[in-house]
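Colleague: After the C-alpha cells below, expect a handful of questions from me.
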Amino acid sequence: MKVLGIETSCDETGVAIYDSEQGLIANQLYTQIALHADYGGVVPELASRDHIRKTAPLIRAALKEADLTAEDIDGIAYTAGPGLVGALLVGATIARSLAFAWNVPAVSVHHMEGHLLAPMLESPQNRPHFPFVALLVSGGHTQLVRVDGVGKYELLGESIDDAAGEAFDKTAKLLGLDYPGGAALSRLAEKGSAGRFTFPKPMTDRPGLDFSFSGLKTAAANTIRQTIKQKGDLTEQTKADIAHAFQTAVVETLAIKCKRALQQTGYNTLVIAGGVSANKQLRHRLAQLMHALGGKVFYPSPQFCTDNGAMIAYVGHLRLQAGESSGLEVDVKPRWVMTELPALA
C-alpha cells in the first residue's frame, strides 16, 4: 500500500509517500520560517495562504521523487488536528478532494500521534518496541504518554500552562534572538557557562507528572530585567549564560518527570519526539538517564523531529491497512485529545 501524507497544521507544509513494503519513498518539506520571521511568530492567516500555494507543488514533487503517478497511490492521510484551524483546512480539503478524484480512501491523522510514532521511520535497529513511555515535547505540547500499542495511549502528565517549546521561544524573544527562537536559544546556550545563573525546576518538588513552564519563563524575564538594570545592557556572554541556565532548567525538569513516569509504569524504554526532541542537551541528558536506569531511549532523526509529511503518511498507512477511513466531509479538530483515538489490534 502506497499512502500519500499531507501535513499543514502550522508553519510547515509537508508531503510524503510511505510504501508498506519499501518504507518512506518520498519526502518533501517547505518551511515558512522566512515568511513569519518579521513578525516573531506564526501568523495564522499567512500560514494558511502559504499552504494553499505550496501543497499542490509539493504533491507533484513527491510523486516525481518516488517515480509514481496518481494511479499508484492507494490512500491519502492528512493531519486533521490539533493545529491552526485555517492551516488544517487547507490540507484536509486538498486531501479529501484528491481522494474523491482518485477514488481512494482517506484517513485523518492526529498530529501528535504522528510525532509519537515518528521514530518508527528509522531503520529497524533504531525503532522502539511497545510498550514504552513517550515524551512529546514541542512548541504547543509537553506530554508524557504511556504507549502500549498504536492507539493505546494513556496521558500520564502534561503542561498546565506553557509548553516547553513555547517557553523556549518566549525566552528567546526576551533575549532578542531571531525567530525561530527555540533553536536560536539552544545554539546560544552552547556558548554559555554553567553556574552564573540558576533557574527553578518547576513542579519537581511535588508528586505528579504534570509540567509548568510559565514560572520558569517569568524567572528568566526577571533575571534579564535585573541584569539590564544593574549592568545597563546584556553582553553576548551574559545572554549565553542565561540561555544555558534556562535550557538546563527545562532539560532537568523533563528528565526528572521522565524518570518518574518510567518508575510509575515499570517500563524501560523512553521515546522522545516533537520539535524540541532535536535539542542536543535534552538528547544527551535523557541518554544519560536511560543508561543509569538500564533502559533505552529512542528519538527520530532531526528531519522527522519538526512537522513533516512522513510521519503522517506512516500513521495513515497503519490506520488505512487496519480498515479505517474518513468520510467525505472535511472535518478538522484544532483541539483533539490523542487518547480518544481508536486502538489498532
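Cβ atoms are placed via backbone N, Cα and C, with glycine included.
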Colleague: So Swiss-Prot lists His111, His115 for Fe cation; which of Asp241, Asp307 goes with them?
Modeller: Asp307
Colleague: Among Asp162, Asp169, indicate the single residue that Swiss-Prot lists for the substrate site containing Leu136, Val137, Ser138, Gly139, Gly140, Gly182, Asn279.
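Modeller: Candidate listed by Swiss-Prot for the same site: Asp169.
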Colleague: Can you check what DSSP calls His115 (Fe cation binding site), collapsed to helix, strand or coil?
Modeller: helix
Colleague: Could you check which of the binding-site residues (Val137, Asp169, Gly182, Asn279) sits closest to Asp307 (Fe cation binding site), going Cα to Cα?
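Modeller: Comparing Cα positions, the closest of these binding-site residues turns out to be Val137.
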